[in-house]
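J.: I have a structure here, written as structure tokens, and I will follow up with some questions on it.
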Amino acid sequence: MGFGTGDPTSLMQELLRVTGGSAVIDGGLATELEANGANLNDPLWSARCLIDSPHLIRKVHLDYLEAGANIIISASYQATIQGFKSRGFSMKKGYPKESCDVNENKLTSKQQPILVAASIGSYGAYLADGSEYSGDYGKAVTKETLKDFHRRRVEVLAESGADLIAFETIPNKIEAQAYVELLEESNLKIPAWFSFNSKDGVCTVSGDPITECAAIANSCDKVVAVGINCTPPRFIHGLILLIRKVTNKPILIYPNSGETYDANTKEWVPTTGVSKEDFVSYIYKWHEAGASLIGGCCRTTPKTIGAISKALSQDHGAPQTFIA
């Protein structure tokens, strides 16, 4: 925040110019909220903390900033209007708000360019029935259904003070199309990024080819970066190469730890996953393949992000000082 040309579509290019060609996205928010004592067993997931423990959200954001993140993602992934209404909130009363003023004096001990991305999860994330991991919403859910579901939420988050909207963990082509149409039909003053999740390194979890999905994102001028999140690290390199075939926009990647999420039990299945050291060993390869925005998703921590920040700074020299 606090820099740029005034043209929303150039926001990401300006960030990358200031940071020397690559920037760091934060890590798993829910992972760290739970590590700090939050109970996320709730349809709102991490957005529950907007109601009962906003101080934990602030603490986790600060931990990631201290670790070297240039982009922090809000706790709004499952913060839907429909979800809050089910908890007794209304448009008249207002909804919980997230606060983390990254321009506050002495907020962190570091000085780095910082952007805030307002997270929007998929329709399946709201359903909390595992369909965000399959992309199968049934034949009754059309593109218009998805646009109607997301429209007001997008408008609210676009006016929240965030620098951009992060459409995350997009599971299928139809939801990407819905997002593009919403962006093109609206008068939003901030840009967006599109981030898909993949089941096999070739397609999204729904089976739609990642190249087709990325091409949809590429078609929209308001989309300033395209990439992948919440996907095992072993698939990322190939996905970067596929995405590069259909876009010249900055490519972002923030994989999970490599563990497997069981949508039925709503738990991560214990595996060896990827250690901080192993995760970071991929960074140079991903950067060389074309990823310029790199971070972590579920089960990654500030230690992971600190290691990514260090690796990228060694790759292109120390980032420039934050322009206040």
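Glycine too: its Cβ is placed from the backbone N, Cα and C atoms.
TrEMBL annotations: computationally assigned, not manually curated.
Take a look at what TrEMBL says about it:
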| type | residues | note |
| --- | --- | --- |
| DOMAIN | 11-312 | domain 'Hcy-binding' |
| BINDING | Cys230, Cys297, Cys298 | Zn(2+) binding site |
J.: For the domain 'Hcy-binding' (11-312), what's the mean pLDDT in this predicted model?
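T.: Reported value for the domain 'Hcy-binding' (11-312) is a mean pLDDT of 88.
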J.: Here are some binding-site residues: Cys297, Cys298. Which one has the most Cβ atoms within 10 Å of its Cβ?
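T.: In terms of Cβ crowding, the pick is Cys297.
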J.: Relative to the mean position of the Cβ atoms of Cys230, Cys297, Cys298, the recorded Zn(2+) site, which additional same-chain residues have Cβ within 8 Å?
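T.: For the Zn(2+) site, the extra neighbours are Gly28, Thr169, Asn197, Asn229, Thr231, Tyr254, Pro255, Asn256, Gly296, Arg299, Thr300.
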J.: So how many other Cβ atoms are close to Cys230 (Zn(2+) binding site), meaning within 10 Å of its Cβ?
T.: 23
